[in-house]
Amino acid sequence: MTDKVQTTLLFLAIGEFSVGILGNAFIGLVNCMDWVKKRKIASIDLILTSLAISRICLLCVILLDCFMLVLYPDVYATGKQMRIIDFFWTLTNHLSIWFATCLSIYYFFKIANFFHPLFLWMKWRIDRVISWILLGCMVLSVFINLPATENLNADFRRCVKAKRKTNLTWSCRVTKAQHASTKLFLNLVTLLPFSVCLVSFFLLILSLWRHIRRMQLSATGCRDPSTEAHVRALKAVISFLFLFIAYYLSFLIATSSYFIPETELAVIFGEFIALIYPSSHSFILILGNNKLRRASLKVLWTVMSILKGRKFQQKQI
């Protein structure tokens, strides 16, 4: 029964992976084509492209981890494959979260309306410093992940290679507890960008509320371009927050799996939930971006035209 459940979850994970690759590859392709055409890239497109690339890598690592757990559990647990997968998963995970946070920060500074001197200074300079912020996120992720992942894998390898039968169970329990605590630490580090995103969300709500009040007092209505921009930004940020919470819960499931009998099943179930975040958020970003939305509608119209043309040819035959 467990094997059937694992296989079912694996096939569902493949479906989520395919959807996520489709959405993120579309974002990256549209922005890169626009970059080549105009020979420059807007700040928002740079953030979205970086986010899409990091999520494509994250999806590939998660799916590879699922395959290794189901098909080659012994090789995965004892070889350096686990070390490599854990490192790249943690790295791409942190990059994806930090880039999504950069997107929330960018929305906040470009759309919100406050009159504090520091806010106005940052609003004026955000386009100039966003590339450096993205680079800083990459460097920070590498420096956090390298030592933590090495400790994580060293603890687990000691558990796997333990050969003293009298102390084997106790040794594994201790090292697995250390392994889980290291993973928990890596997950807690992601609470920093989550908190930044949460602050941006509440400040955007405050800015929207103040803007609507001004519109009502001036009797000009509430559905002006600034209000629409606020609403679109809030939808993108709140979707990230909800999906990130589900993503974080999936890591807690995977971490707690070391203390329950069906470890592999719990890990695969956690990874199945984890795939929802990078897969679905890309389509929310596409719908919230005018250029990406127009490009997606154009692609859908082209596909529909091709399908209708084939049906017409088949009827003639």
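Note that Cβ sites are derived from N, Cα and C of the backbone, with glycine treated the same way.
The feature N-linked glycosylation site is assigned by Swiss-Prot to ASN167, with sequence analysis given as support.
As annotated by Swiss-Prot, topological domain 'Extracellular' applies to 1-9 (among others), with the evidence given as sequence analysis.
Residues annotated as topological domain 'Cytoplasmic' in Swiss-Prot: 31-55 (among others). Within its own chain, the topological domain 'Cytoplasmic' (31-55) has Cβ neighbours under 8 Å at 20, 24-25, 92, 95-96, 99-100, 102-103, 106, 110, 126-127, 130-131, 134, 278, 281-282, 285, 289, 291-292, counting only residues six or more beyond its boundaries.
Taken from Swiss-Prot, the feature topological domain 'Extracellular' applies to 77-94 (among others), supported by sequence analysis.
In the predicted model, residues of the topological domain 'Cytoplasmic' (116-128) average a pLDDT of 82. Positions annotated as topological domain 'Cytoplasmic' by Swiss-Prot: 116-128 (among others).
Sequence annotations record features per position, and here Swiss-Prot assigns topological domain 'Extracellular' to 150-187 (among others) based on sequence analysis.
What Swiss-Prot lists as topological domain 'Cytoplasmic' is 209-235 (among others), and the listing cites sequence analysis.
According to Swiss-Prot, the feature topological domain 'Extracellular' maps to 257-266 (among others).
Here Swiss-Prot flags 288-317 (among others) as topological domain 'Cytoplasmic', drawing on sequence analysis.
Within its own chain, the transmembrane segment (10-30) is flanked in space by residues 48-49, 51-53, 55-56, 59-60, 62-63, 66-67, 70, 268, 271-272, 275-276, 278-280, 282-283, 285-286, 291-292, 295-296, 299, which lie at least six positions past its ends and keep a Cβ under 8 Å from the stretch. Look at Swiss-Prot and you will find 10-30 (among others) tagged as transmembrane segment.
Same-chain residues lying 6+ beyond the ends of the transmembrane segment (56-76) with a Cβ under 8 Å from its Cβ atoms: 6-7, 9-10, 13-14, 17, 20-21, 24-25, 28, 82, 85, 88-89, 92-93, 95-96, 264, 267-268, 271-272, 274-275, 278-279. As annotated by Swiss-Prot, transmembrane segment applies to 56-76 (among others).
With a cut-off of 8 Å between Cβ atoms, the residues of this chain six or more beyond the transmembrane segment (95-115) that come close are 43-44, 47-48, 50-51, 54-55, 57-58, 122-123, 126, 130, 133-134, 137-138, 140-141, 190, 193-194, 196-197, 200-201, 203-204, 207, 210-211, 226, 229-230, 233, 236-237, 240, 244, 278, 281, 285. Look at Swiss-Prot and you will find 95-115 (among others) tagged as transmembrane segment.
Under the heading transmembrane segment, Swiss-Prot lists 129-149 (among others), citing sequence analysis as support.
Under the heading transmembrane segment, Swiss-Prot lists 188-208 (among others), citing sequence analysis as support.
Positions annotated as transmembrane segment by Swiss-Prot: 236-256 (among others).
The transmembrane segment annotation in Swiss-Prot covers 267-287 (among others) and is backed by sequence analysis.
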Exercise. Count up the helix, strand and coil residues in the topological domain 'Cytoplasmic' (31-55) according to DSSP, in that order.
Key: 21 helix, 0 strand, 4 coil
Self-check item: Beyond the flanks of the topological domain 'Cytoplasmic' (116-128) by at least 6 residues, Cβ under 8 Å
Solution: 43, 105-106, 109-110
